[in-house]
Every structure is written in C-alpha cells, then in structure tokens.
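Asks: Can you keep this structure in mind? I'll have questions shortly.
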Amino acid sequence: MSLIRLNIDSFRNIQLAQLSPSSGINLIYGQNGSGKTSILEAIYFLGMGRSFRSHLSQRVINNEQDKLTLFATLNLPRGDSKIGLRRFRSGETEVKIDGEKVKRLSTLAETLPIQVITPESFSLLFEGPKSRRQFIDWGAFHSDPQFYAAWVNVRRVLKQRNQLLRNNSSYDQIQYWDREFVRYTEQVTEIRNRYVDSLNELLKGIIGEFLPQVDVKVSFTRGWDSKTDFAQLLESQYPRDLATGHTVSGPHKADLRLRVGSLPAQDALSRGQLKLLVCALRIAQGKLLKQQIDKHSIYLVDDLPSELDAQHRQLLLKQLVDTGAQVFVTAIEPAAIVDSLHTPPSRMFHVEQGRVTVIE
C-alpha cells in the first residue's frame, strides 16, 4: 500500500500543493518553517483525523481560510482507492472514501495505517503510560476486527461507572455496569495481550540491530494484578473508587513495560538509546502489521538529522527500506539523508514558504 497522489489545500502555510510520491523513500527538505513537516502532518491528519502536533485541529487550517481539504489516491492490492477529508473551522469534519461518506474516523485509520517517528513520538518512553497504551491499541485495532467495538464499549461503560461513583451511588447501582465492564475488559485485555506477544517475537531481533549490547525485556501489564479476578477486584475496591470518584484499576491503566535487567528502560538507557528503542518499536509494529494483515504502514519520519547521529540515521533508514513500506522523511539539508542511504531517495521534494517543488 502506498500514496500515489496527495493534494493539500489550506493546511497550515501550504495554500495548495499536489504531490505524486514514490512508493519508496520520499525526501522532503527545506528550512525550518518552510512547511516540510506540514506535509507529514497532512498525511497523518488524512489517516487519523487529527494532528500529531496540536490537539486543536482548527489550528492547522490556514489563517486565511475557513476550511482545509486533503485528498489522496492510494495504491492497494485490490486497486486504487480515493480518500478525501474536509475540516471546517467550526469543527465539522467530512470524510469520503471512494465517493462514499464515512461517519467514523476509525475507518480512515483502518484504510491508511501510519507510523510516526518524530521528536514528539519519543514521548512513548519518556512520558506516562497513556502513549504506550495508544501504541498497543494501534496494533490491536489493526490486528483484530473485534477490538474496536470492545474498546469503545470499555470507554462507554467506564465513563458511566465513574459518573455513578461521583454521584455516591451504592454498589447495587453499579453492579450492572461492572458486569458489562468485566465482559468488555476481558475482550480488550485478551486482544492486547495476544498482540504484545506477537510483537515481542519480532522485536527481539530488531532491538538487537539497534542496541546490540542491551537486553531489553518487554511485557504487557493489564492494569490490575493478573492473579486477581477483575470482577472481585471491582467489588473489593468499590470503597476506594467511591472515595476518589473514579475507577482506580482496569484496562484504562494498562501499560507496556520495557526493562533492562531490574531497571525500567527509561532509567537504564541514555536518551539516545531510548530514541533507538522507540525506532525499533515502530519498525517492529509496521512489520507485524504486514505479517498479520498483509498491509504496509506508511512511515512519517520528521527532522531525522537532529534526532540521531549519522551512524544511527543510516541504521534506521536501512531498516525502513527493508520493510518495503512507503517512507516520507524530512531534513533541512538533503545531504544528511542522501549520505545515509545506500541508494538515492526514490523522490525528492523541496519546500519553501509552503510551496512544494519536485526535484528531478
């Protein structure tokens, strides 16, 4: 799978751009503020319905316009597919796939799986468990068609349960929701656990390429003691949950634990090593997607020269090429990427003040 055409209209400082990317390595270069990262952000927005840089989607709309429009043609095994997204400053979103209106943004994510390696994505290890849950759930969503519905139900029931707790409801009033919570939690947890097990099989070899002298152990924690029955735990922790006004334990507390020896990876590794570990996780996740559903991710790699030294840039780019996936990578100077590749980029784009030029 790859993008063979991309149209960007009124996205940040890009008034209008049309790109015909290669299915291999696409290098986008230009000075800071030129708009090169905005191209990656536009692709991400088209696949996720949101930005990886800002939680306020209205900010990505060009200041002089009341809406943005993104359009792409995808090359898929079954043939070409067309995706369009329009976001209005009012917050309304319109999505079409092959001319048909789509109501759920999850359909975009299913159609256009995207992996991001940016300065922001390194928060996967530097921050709390939320980003690591999102990492697991991205893979679980793509690997098992039953995951999304179960995950939505977990969120719905958890919201209802927390509202009852804030209202000082008796446990008799909460019991019905707990039965629902347990049922959907079991589904979500089983799929998450199975996904992490599969990821681990691939991850060992890839981590060995990036960090050959480091033994990293990866494990999934479900959000409560695995030796404890979840239904019994909810009942026994009801007084504590009532006191805090929210559910203390459950699938919303799940995490991906990475350890080196007896220490968390965050404490045992340098910041540079942690960045390489995040790269290994993203590469492994993309390779597993290809194994499980025979679909490539699209990789968006932003500002690589500022994040990794020349040796590790070369290693990451080699790994990306080996995936066979389509890659978009940005840099200020093209030489920083070209010199790290064994072969020239398949296509190069220069960006200046929001204008995109193909370099032949």
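Using the three backbone atoms N, Cα and C, a Cβ is placed for every residue, glycine included.
So Swiss-Prot lists the following for this protein:
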- Gly30, Gln31, Asn32, Gly33, Ser34, Gly35, Lys36, Thr37: ATP binding site (BINDING)
Asks: With the ATP site defined by Gly30, Gln31, Asn32, Gly33, Ser34, Gly35, Lys36, Thr37, which remaining residues of that chain have Cβ atoms positioned within 8 Å of the Cβ centroid?
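Replies: Apart from the listed residues, the neighbours are Ser38, Thr330, Ile332, Val351, Glu352.
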Asks: Does Thr37 (ATP binding site) have same-chain partners at least 6 apart in sequence with Cβ under 8 Å from its own Cβ, and which are they?
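Replies: Within the chain, Thr37 (ATP binding site) has Cβ neighbours under 8 Å at Arg53, Thr118, Asp302, Asp303, Thr330.
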Asks: Between the binding-site residues Gln31, Asn32, Ser34, where is the Cβ count within 10 Å the lowest?
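Replies: The binding-site residues Gln31, Asn32, Ser34 were compared, and Asn32 has the fewest Cβ atoms within 10 Å.
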Asks: Have a look around Gly35 (ATP binding site) and count the other CB atoms within 10 A of its CB, chains all included.
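Replies: Within a 10 Å radius of the Cβ of Gly35 (ATP binding site) lie 24 other Cβ atoms.
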Asks: As a test of the contact definition, list every same-chain residue at least 6 positions from Gly30 (ATP binding site) whose Cβ is closer than 8 Å to its Cβ.
Replies: Lys36, Thr330, Ile332, His350, Val351, Glu352
Asks: Given a 10 Å Cβ-Cβ cut-off, pick out the one of the binding-site residues Gly33, Lys36 that has the most other Cβ atoms nearby.
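Replies: Ranked by Cβ atoms within 10 Å, first place goes to Lys36.
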Asks: Where does Ser34 (ATP binding site) sit by DSSP, helix, strand or coil?
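Replies: Its secondary structure by DSSP: coil.
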